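This report refers to the structure that appears directly beneath it.
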Amino acid sequence: MVAVLLPVLLLVLSHSTIGEPTFETIPLRFESVIQRLREFYQNYPDIVNDLVNNPFAKIRPELLLNNRTSSQNQSSDCERDLEILISAASQRQLWALKVLDAWGKPLPSGILKGNIFWLGNYDECLNPLYQINNKSFLQQPINTQYCALQSVPGSVQEITSSGIILGLCLPTSCNRQSIVTLLHEVFNVSHLTIDYLDCSNERTDERHDPLSGTIAFSVVLSLLASLILIGTLADLVLRLSVSSDENKKPHSKGHQDSLTESSNKNASLNSANQTSQYLTNPLPSIVFLAEFSAIRTLGHIFAIDKKENENSFAFLNGIRVLSLCWVILGHSFTFGIFYMSNIIDLLSASRNFAFQLITSGVFSVDTFFLLTGFLTAVLFVRHARKEKLSLRMMILYYVHRYVRLTPTFILVMFVKSFLQQPINTQYCALQSVPGSAQGITSSGITLGLCLPTSCNRQSIITLIQEILNVSSLNKNNLHCSNDRANEQHGPSSGTIALIIVLSFLVLLVFIGTIADIFLQVSVKPNEDEKSHSNGYHNLSEESSNKNVPVNSVYPASQYMAKPMPSIVFLAEFSAVRTLGHIFAIDKKENENSFVFLNGIRVLSLFWVILGHSFFFGLSYMSNILDLLSASRNFAFQLITSGVFSVDTFFLLTGFLTAVLFVRHARKEKLSLRMMILYYVHRYVRLTPTFILVMFVSIYLTPYFGQGPLFPVQQGFESTGCRNGGWWTSFLYIGNFFKSENMCLSVTWYLFNDMQFHWIAPLALIPFVMKQRAIGYIMTILFVLVSIGSILSLLLYYPSMVTHALDISSNATGPNFFDKIYQTPWCRISPYAFGLLTGFVVISTGRNYRLNTIVRVIGNILATVLGLVCIFSTYGDYILVPGLSRASLVAYQVLSRVGWSMSISWLIFICSINQGGIVNRILSFSIWTPLARLNYAAYLIHSTVIFVTIFNQSVPLYYQSMTFLNNYVSILCFSYLAAIVVVIFFETPFFVLEKKFLKR
């Protein structure tokens with residue numbers, strides 16, 4: 001709980017400053033201000049040199065050019081390469097300028113904030129420069145290495161805050177001694193030795209070849225990996241043997257069923273199951289090897305047994321996990337302190353009351369010690385009661401603990417005051433291209449300014465025009481941290497109205513939670529008197545399969561419904577009950593359910609968030625060329641092909657629409673009432689949550705943070721959306737009517753989803769009225785409309801750019817996103833395939849059995865087709881001219897059809913229970929809670945991404961591991977935020993719908 005609440009508290013609690021600032025007289029005329037600025041800039045180098053007073057300020061790459069003849073480097077190769085570098089830089093050759101640009105710049109911004117890391121650009125030094133025009137890398141005649149020069153001797157692993165670190169980019173032919181000699185002779189820094197220097201070209205473990213320990217460790221890891229691989233294959237053999245023999249052996253319950261037999265044992269893996277015991281005599285080695293199976297281990301990790309053992313302490317799981325979250329929170333902070341460029345800001349943040357939750361994280365370790373002592377006492381006493389206290393028991397007491405901890409541990413081991421100022425200041429971002437902060441583009445330069453808060457945007461522009469003689473600027477080029485939120489001095493009327501609505505919902509949930517707790521307490525003294533009642537919590541199974549987000553009223557609450565119906569109704573809004581529903585996992589699968597769809601839904605949203613985490617941050621990235629270079633990586637196609645994740649959602653929606661519509665039509669006769677509820681339920685299901693999240697993005701996001709480019713004036717939505725464009729969201733027409741004013745950019749999907757829902761009865765009604773041929777024909781017609789629309793538009797607009805990275809960089813010409821990507825007539829084909837798949841499953845039944853050969857061939861073709869859709873545009877990223885226009889048109893026309901066919905086959909094969917291990921993985925119980933949060937997570941994840949991006953004090957720097965770290969963080973916070981959205985936005989309207997529509 002601490003780990004979850006801390007980020008919220010750190011954002012909400014305001015910072016305070018001790019003492020009252022004293023102000024000096026500020027001249028009112030701009031002429032005087034300009035003169036003072038000029039005087040300041042004339043004396044700025046002296047001011048900073050006096051402040052820093054460090055010889056590292058002398059080490060600048062331009063001095064290397066001015067003193068090119070003074071170096072007497074004794075390394076001939078190093079001397080030759082330096083001469084090549086200096087000559088090329090003097091001739092302004094691009095590769096040489098790239099090398100010098102990678103040097104750390106002395107006296108960077110943020111010195112007064114504690115910035116001692118003058119690192120330059122590590123990647124720019126080591127990697128060749130990517131050229132956009134010919135999609136190739138700039139060749140350079142010498143290889144370079146990155147060296148970190150420290151003012152205090154030590155290693156890079158022992159960074160301390162006591163010394164400055166300067167980055168250098170030099171030829172790889174220069175060893176550390178020759179570099180130190182160069183620094184002595186050229187830069188006159190005499191006290192340096194090789195201990196002050198660490199270079200990227202130094203050999204790992206200070207040897208040219210791998211250490212014997214490294215080789216031995218690699219062999220051990222290889223043996224473990226081989227053992228697990230063999231065990232997994234053995235496990236699969238046993239499972240296949242069971243599948244073929246389960247009809248012959250009535251006493252066998254199957255290999256998988258036995259996984260629950262040992263789930264409560266104190267072992268890390270499941271014991272051999274009943275079926276494997278049956279097979280023990282003929283093949284004991286396979287049964288033993290199967291214990292090492294990765295599949296069995298995963299099953300054990302994610303297995304959740306609802307039947308709690310009376311001797312277990314299940315609550316300890318929560319304490320252990322939350323304590324570890326607290327440990328990781330503290331370590332994430334403390335381990336990064338010595339690699340932080342604004343240590344003064346961190347010391348300032350320590351004055352925040354909530355910061356004590358970090359500094360007090362040491363108690364989390366004490367919690368672990370306490371838990372260990374508790375469990376040791378309990379387990380020791382249990383063992384002593386089972387067997388007499390003996391020497392053997394004591395030996396095992398020590399041996400078990402050592403064996404339990406040591407192997408994993410060994411393997412992992414190898415692998416307070418503020419400075420006052422006379423005036424308040426604001427940060428302003430001056431953009432060379434006018435636009436709003438949320439519309440940052442990579443086509444213009446953004447310059448940061450720090451100016452008094454008394455200056456408004458117009459006065460700052462006037463000042464800049466007079467100093468810099470730049471007449472083309474206006475106040476639209478400027479965005480300041482002191483701008484008014486929502487362009488008003490106080491909260492706008494829309495903000496006030498939204499806060500009132502949210503307050504009412506929070507109050508309703510709070511009252512419902514109190515009512516729910518009251519009912520639970522009231523049930524306990526009566527549960528013995530009412531034999532028909534199984535307890536207040538037991539009714540959750542009754543409604544777990546209903547399409548509602550909260551549990552139905554419990555039997556005990558039904559018993560109490562007459563004396564207090566209002567309390568029973570209010571209890572439906574309970575946050576406790578909603579959380580119980582979200583995380584409830586029913587092991588008894590309903591034969592009419594499609595549990596595997598949970599896995600597809602969750603993994604598809606993971607893919608959506610992966611793509612958005614990447615594309616939404618492109619315009620605030622400081623090394624865009626490195627990113628374009630990374631696009632040449634084959635695996636990068638998994639990001640650019642993330643558009644198929646949305647097609648998967650369309651297909652799932654079509655499939656479920658077909659299945660549920662036919663079920664309802666079979667339960668009750670097709671009627672006008674059923675059709676009205678068909679539309680009303682879908683609208684009520686989607687709209688309230690969507691609208692509330694949209695209004696939060698419009699009116700509250702200006703208050704969600706601060707940063708150099710944080711849109712404090714308008715939030716995350718465009719001016720067109722804020723000025724009335726939001727009404728199109730109520731009608732779900734924003735993707736083709738005034739699409740430039742669309743709110744919540746990700747909601748184009750909802751518009752398409754609703755529009756497909758409107759026209760789906762054209763195929764559904766004939767199908768349920770025994771005119772199945774017409775239903776099939778309509779779905780095929782939808783597919784043909786999509787293919788024809790895309791083809792026609794691409795032929796009509798021959799200059800339309802379809803390359804993903806070109807689209808994101810605001811390429812000129814017809815916009816692919818507006819014309820094709822978000823229009824329903826171009827996107828309906830996956831939805832149509834979903835309807836078609838639903839019709840096929842309904843027609844064949846779920847007990848249908850495919851021929852083995854047909855199933856294998858279908859699996860292979862579907863896999864190949866999916867991989868072709870994802871990776872077939874790789875040539876467009878590596879070939880100089882790219883793929884031909886005809887190839888790109890063919891890809892856009894056919895790729896969604898191919899992807900839809902691949903996913904349709906997956907759904908069909910899993911629906912008839914012939915999906916094998918893929919079906920099992922997609923049916924893991926871990927997906928169920930996440931699937932219940934999926935809709936809310938989709939709505940809120942873009943807000944989470946923007947909050948993360950715009951609260952950055954410096955631009956994003958693309959690195960694969962950093963990007964992966966940010967993605968996982970955004971993914972976790974999106975689902976955490978989704979829990980809040982479900983409790984306060986989604987659940988109340990579900991309860992009201994169930995109450996008034998009797999669903």
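From the backbone N, Cα and C atoms, a Cβ is placed for every residue, glycine too.
According to TrEMBL, the features are:
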- 245-258: compositional bias 'Basic and acidic residues' (COMPBIAS)
- 75-201: domain 'Nose resistant-to-fluoxetine protein N-terminal' (DOMAIN)
- 245-268: region 'Disordered' (REGION)
- 1-19: signal peptide (SIGNAL)
- 321-341: transmembrane segment (TRANSMEM)
- 353-381: transmembrane segment (TRANSMEM)
- 402-419: transmembrane segment (TRANSMEM)
- 496-519: transmembrane segment (TRANSMEM)
- 602-622: transmembrane segment (TRANSMEM)
- 683-704: transmembrane segment (TRANSMEM)
- 746-769: transmembrane segment (TRANSMEM)
- 776-797: transmembrane segment (TRANSMEM)
- 856-879: transmembrane segment (TRANSMEM)
- 899-923: transmembrane segment (TRANSMEM)
- 935-954: transmembrane segment (TRANSMEM)
- 966-992: transmembrane segment (TRANSMEM)
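Under DSSP, residues within the domain 'Nose resistant-to-fluoxetine protein N-terminal' (75-201) fall into helix, strand and coil as 49 helix, 23 strand, 55 coil.
Residues 236, 256, 295, 589, 594-600, 603, 644, 647-648, 651-652, 655, 829-830, 833-834, 836-837, 840-841, 844-850, 855, 858-859, 861-863, 865-866, 869 of the same chain lie 6 or more positions beyond the ends of the transmembrane segment (899-923) yet place their CB under 8 Å from a CB of it.
Using the rule of three or more Cβ pairs under 8 Å, pairs at least 6 apart in sequence, the transmembrane segment (966-992) is in contact with the transmembrane segment (683-704). As a quick check, the transmembrane segment (776-797) and the transmembrane segment (935-954) miss the bar of 3 or more Cβ pairs under 8 A, pairs 6 or more apart, so the two do not touch. With respect to Cβ pairs under 8 Å, the transmembrane segment (496-519) is most closely packed against 683-704, considering the stretches 353-381, 602-622, 683-704, 746-769, 935-954.
For the transmembrane segment (935-954), the partner stretch with the highest count of Cβ pairs under 8 angstroms, out of 353-381, 602-622, 683-704, is 602-622.
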